[in-house]
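Colleague: Okay, handing you the structure first.
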Amino acid sequence: LDEPNDTIDISLIEGFNVPLAFTPTSNIGGTCREVNCKADIVDQCPDALKATGGCNNPCTVYKTVKYCCTSERGSCGPTDESRFFKDRCPDAYSYPQDDPTSTFACPHG
């Protein structure tokens, strides 16, 4: 690839079922760190979002623009439900336009 960085993100936009972590094997330039979502979200999942073996996303449950972010870009913000996920997994996407706090880059190598 011609890109100087590898981009890493964890998304909870479609829901949650297992904790995970991406750990760099090297730290070239000192800019890389582990990106993770290690919380036990399944056991803490709000009743309305509970699913067999996991925690659903609000869009799947409520099917509204507020949760699905189907209107124009920039019109979707955090909700109480996305904050539930973000509070437990600060590195992860909790709603579709959560890029600034949820995309990480490490130099190749």
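Note that Cβ sites are derived from N, Cα and C of the backbone, with glycine treated the same way.
Annotations for this protein, taken from TrEMBL, read as follows:
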DISULFID  Cys32-Cys106  disulfide bond
DISULFID  Cys37-Cys89  disulfide bond
DISULFID  Cys45-Cys55  disulfide bond
DISULFID  Cys59-Cys68  disulfide bond
DISULFID  Cys69-Cys76  disulfide bond
Colleague: Would you count the other C-beta atoms found within 10 angstroms of the C-beta of Cys32 (disulfide bond) for me?
Modeller: 21
Colleague: Where the distance is taken from Cα to Cα, which of the disulfide-bonded residues Cys68, Cys69, Cys76, Cys89, Cys106 turns out closest to Cys45 (disulfide bond)?
Modeller: Cys89
Colleague: Around Cys37 (disulfide bond), which residues of its chain at least 6 apart sit with Cβ under 8 Å of its Cβ?
Modeller: Ile10, Leu12, Phe16, Pro19, Leu20, Ala21, Arg88, Cys89, Asp91, Ala92
Colleague: I need the CA-to-CA distance for Cys106 (disulfide bond) versus Cys69 (disulfide bond), whole Å please.
Modeller: 29
Colleague: Need this for a regression test: disulfide-bonded residues Cys32, Cys69, Cys76, filtered to those with Cα within 10 Å of Cys59 (disulfide bond). What's left?
Modeller: Cys69
Colleague: Which state, by DSSP, holds Cys32 (disulfide bond): helix, strand or coil?
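Modeller: Cys32 (disulfide bond) sits in coil per DSSP, no helix or strand.
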Colleague: Hey, what's the Cβ neighbour count for Cys69 (disulfide bond) at 10 Å?
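Modeller: For Cys69 (disulfide bond), the 10 Å Cβ neighbour count is 18.
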Colleague: At the Cα level, what's the spacing in Å between Cys69 (disulfide bond) and Cys55 (disulfide bond), rounded?
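Modeller: Each residue's Cα considered, Cys69 (disulfide bond) and Cys55 (disulfide bond) end up 19 Å apart.
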Colleague: Near Cys76 (disulfide bond), which disulfide-bonded residues out of Cys32, Cys55, Cys68 have their CA within 10 Å?
Modeller: Cys68
Colleague: Neighbour count, 10 Å Cβ-Cβ cut-off, for Cys45 (disulfide bond): what number do you get?
Modeller: 18
Colleague: Tell me the Cβ neighbour count for Cys106 (disulfide bond), meaning other Cβ atoms within 10 Å of its Cβ, over all protein chains shown.
Modeller: 20
